[in-house]
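Asks: This is the structure I want to talk about, given as structure tokens.
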Amino acid sequence: MRREPPRTLADYAPLAFPAIMLVVFFVIPFSTMIAVSFFRRQQGGFYTPDFVLDNYARFLSAFFGGVLGFSLMLAVMVAVICVSIGFPFTYLLTKASRRAQIVWLVCILSVLSLSEVIIGFAWSTLFSRTAGITNLLVAVGLMAEPRALLPGFGAVLTGMVYQALPYTILVLYPSLVRLDPTLLEAARTLGASPLRGFFNIIVPAQRNTIVATLIMVFVFALGCYLLPQILGRPQHWTLSVLITDQAIYQSNMPFAAAMAVFLVLISLALVGLTLLIGGTGRQHHDA
Amino acid sequence: MTLKTLRWLAFAAIALFMAGPLIVVAGVSVNEKQSLTFPPQGFSWAWYGQIFTDEGWRASLVASVVLAALAAALAVLVALPLSWFLWRRVAPWANVFRLLGVAPFILPPVITALGLLTFWATIGFYGQPWTAIISHAIFFVTLPLVTLSLGFSSIDRSLVEAAATMGADDRTVLRTVILPLILPYLVSGYAFAFVLSLNEYIVAYMTVGFTMETLPVKIFNALRYGYTPTMAAVSVFFVAIAALVFGLIARFGNLPRLLGAMSSQEE
């Protein structure tokens, strides 16, 4: 059956339900949110239709600047750490037997699907005084007495790396699986050690993949909303946490919506950049 | 150091990092007394029993499972005709709907959650349990959409042509040729959406958080009032469900292929 353009109304019929669902429950909510970001806030958590820029003007405060700077810095750190660990690991994984790869993929998927609540709970237990790793250090005599390792920046960073690492591996996996094995073989024949071959041949050949993955993980980390609350102190809150806090606890929907719009713009700009890099990368590959 | 040793060391380190927190949680979940100590003191399955016997936990479990089952089904119902249409017809403009389906998955989740919260509040259904089903279905429609698109692209068009030549109309072809071929992709799309919906927090919290406690919301609320081993037991239970579902997909489907395609879609 050849693919044909739709002609009659009946040809369009299958599109009706998905189109209605996506427009009514994604496009309209998204537009509602943008509209609310221009509304005027009233006392007691209500808001009235209006067109004011007050909510966006609040971005100019030092507090918001601090939260934004911290969120971006944290997401950059998570992305860099995850790709530095994930890239060599995924490369080694693609060299393992198919069976081993499948077992690893099942485990990685299981960790990736874990709720942020559960990841936060698991790490807060691991970092706690009563059940934490410091007990292990005490047992082997490296520490005098167990202590809590949270709340703190280290705990937030560890939790977020734990959450983003499986994602990083799954984003890297397809490109690394398709990597031409003769590249490294050639380098080996010419006398390069495996490590040297990896850094001088594989990493440069995958430069575009690495940059695209860094951006994907960065956007993923920007979306983290619970770990900073569970594992950190208020000064470790990110933009996503602040949006939730303004929407639910401060009942300031217009301001929350304005921040969300801002977060969309950052994310879209970065995703667009990824597509651009992916596009040039493919051209490069074809040439 | 050979590549083999290096690989072994790297695998062991990553395995420890990934499994570490889960091992501690599993240990905590079998404590005999209501305290979070590790290594556990005594041994008891009681906290696992409590997921099913305690009224609050059981209600959350039922709410989560019903929500995930219905939301994943609705996501498949949206994704199936859309991916079929995109495969069957030449209509480049319709790709806009594919983009809309993938968008909630790529943007930070808090954005979709807030959008849905303002939407349900504006039309006056905020807090109704059924709104969570639609919200999750839209949020996770990406997964069946991606697996089904992959399934359709793997169909040999000459098979369909043969059926058409023999006189089968569109409907018959769909029922007797296409649906059986894409069934594995449909099932894995459903399974992915189901597991992720089960674990989802922010959308469920923002849309129905004050009227219905799903398990992740219940765990987070319980975190504030102090820790109990039941939370650990629920966490282990969730990891087991995810591992079981993904293990089944790997056993009966082609997991590397499924994942290879998924990430190239997201790029």
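Cβ atoms here come from the backbone N, Cα and C positions, even for glycine.
From a predicted model like this one, the values you see are computed outputs, not experimental measurements.
As listed in TrEMBL for this protein:
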type     : residues  : note
TRANSMEM : B:61-87   : transmembrane segment
DOMAIN   : B:61-249  : domain 'ABC transmembrane type-1'
TRANSMEM : B:99-121  : transmembrane segment
TRANSMEM : B:133-152 : transmembrane segment
TRANSMEM : B:173-196 : transmembrane segment
TRANSMEM : B:202-220 : transmembrane segment
TRANSMEM : B:232-253 : transmembrane segment
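Context for these features, please: burial, neighbours, distances.
Replies: Panel annotation: around the transmembrane segment (B:99-121), residues 78-79, 82, 127-128, 131, 135, 138-143, 145-146, 202-203, 205-207, 265-266 of the same chain, lying at least six beyond its termini, place a Cβ under 8 Å from a Cβ of the stretch.
Listed by sequence, the residues of this chain that lie at least six past the ends of the transmembrane segment (B:133-152) yet keep a Cβ under 8 A from its Cβ atoms are 67-68, 70-72, 74-76, 78-80, 82-84, 86-87, 98, 101-102, 104-105, 109, 112, 116, 120, 178, 181-182, 184-186, 188-190, 192-193, 196-197, 200, 203-204, 207, 257-258, 261-262, 265.
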Asks: In the same chain, which residue numbers or ranges, 6 or more beyond the ends of the transmembrane segment (B:232-253), come under 8 angstroms Cβ to Cβ?
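Replies: Counting only partners 6 or more residues beyond its ends, the transmembrane segment (B:232-253) has Cβ contacts under 8 Å with 22, 25-26, 28-29, 36, 47-48, 50-51, 57, 184, 187-188, 191, 194-195, 198-199, 215, 219.
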